[in-house]
Amino acid sequence: MPSNKSVSDAPIFQFTNCRILKNHKLQREDLWVREGKILNPEKLFFDEKGSADIHVDCQNNLIAPGFIDTQINGGFGVDFSMAKDDVSSGISLVAQKILSHGVTSFCPTLVTSPPSVYHQILPQIHMADGGLHGAGVLGVHLEGPFISSEKRGAHPERFLCSYEEGGFQDLLETYGSLDKVTIITLAPEIKRSSEVITELVKRRICVSLGHSVANLSQAEEAVKHGATYITHLFNAMLPFHHRDPGIVGLLTSDQIPKGQTVFYGMIADGIHTNPAALRLAHLAHPKGLVLVTDAITAMGLGPGRHPLGQQVIEIEGLNAYVAGTKTLAGSIATMDMCVRHFLEATGCTVESALEAASLHPAQMLGIEHRKGTLNYGADADFVLLDDDLNVQATYIAGNRVWKKDLCTL
């Protein structure tokens, strides 16, 4: 039966012989796509009297929503925080390369830098849909400079800032513009943080708590004013203590406003977070866990020294340190590696591991109606994986944008 073209002339794709992640379960079901969106086959059959134009045999692979990386500093020799006149070319290179990791959308992340760097870089970054050219850009994640000196990690102390005097205006003057910004990481113990968080939330910017010495009360106050995320849980914050668990305590706090979810990033690279800590966080608050790579310039490169913002990073094996120290400075892990390690370390279900890299970041950003799921009407951004969760092919808007060598999908 030919397709009914009364609704659209666009071809209808039917992905068969697959298990798709839908409604939190892997299900033996075909996936239908038209005009870059997931299609409801019942409406196609009964309302349009149509059928598929193109069939794709998925060879019993899994289909999951495309991965979303909300904290990635660069990779493949590119440092997003390095001021230059052609920032877009570096973002384009990384966007193209991470397709092989199953990433279909990402937030380029800038680490603590002087105001002049923000003023030069931010106007050059543009939100964009993904495609053959690379993963889509969802907006910028600004990690610093409004963070704690004590918990700055690899962030250069000389560029740290405070908004104690001018409040939100200080933040605005530091960044120059917030038009392209999706996430801002700040330390909530800085005076006037509640005011700043309120203003950011008004602008639909996700406020994340991190690089901080905040106690639990300060963290809860930030959440009550609209903060909804924690940057790389456990790293660069006070350690959990039974009398005051600090920011970590938000995972089980009873002071979270009704209907609000606190999400938290985890670097599941086997280095930043011990498997026991991964299991603890996941057991305490599984629906809030968001996998991030926190990848730096050296992702995809070999050992040696590489730039990260205003610092120099040294790669030793799988570790990335601030040169001359043992301070961890981001990771060189890829998102598909993080998914596999998270699955192995926690013993969670395959569905949970996949959703931590897709559904949860989409929910955190408030875009779950179009990203992070395979629901009808959502963007047809998805990844094909084998049973060991190795990426076989990546699709954006229903079009294949990357495939593994020798893969016939």
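Glycine is no exception: its Cβ is also placed from the backbone N, Cα and C atoms.
Summarising the annotation, TrEMBL assigns active site, proton donor/acceptor to Asp294. For Asp294 (active site, proton donor/acceptor), the number of other Cβ atoms no farther than 10 Å from its own Cβ, over all displayed protein chains, is 28.
The Zn(2+) binding site annotation in TrEMBL covers Glu143, His211, His232. Its own atom aside, the Cβ of Glu143 (Zn(2+) binding site) has 29 Cβ atoms within 10 angstroms in the protein chains shown.
For Ala154, Asn235, Ala236, Arg243, His272, Leu328, Ala329, Gly330, the entry in TrEMBL reads substrate binding site. Taking the Cβ of Ala236 (substrate binding site) as reference, residues of its chain lying under 8 Å away and at least six apart in sequence are, in sequence order, Ile147, Lys151, Arg152, Gly153, Gly210, His211, Ser212.
Per TrEMBL, the feature domain 'Amidohydrolase-related' maps to 63-401.
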Nearest-integer angstrom distance between the alpha carbons (Cα) of Gly330 (substrate binding site) and Asp294 (active site, proton donor/acceptor): 5
Entries of Ala154, Arg243, Asp294 which, being recorded positions, have CA atoms within 10 angstroms of His232 (Zn(2+) binding site): Asp294
Any further residue of that chain within 8 Å (Cβ to the Cβ centroid of Glu143, His211, His232) of the recorded Zn(2+) site: Gln71, Gly144, Ile147, Gly153, His155, Thr185, Ser208, Gly210, Thr231, Asn235, Ala236, Asp294
Asp294 (active site, proton donor/acceptor) and Asn235 (substrate binding site), Cα-Cα, nearest whole angstrom: 11
Count of other CB atoms lying within 10 Å of the CB belonging to Gly330 (substrate binding site): 31
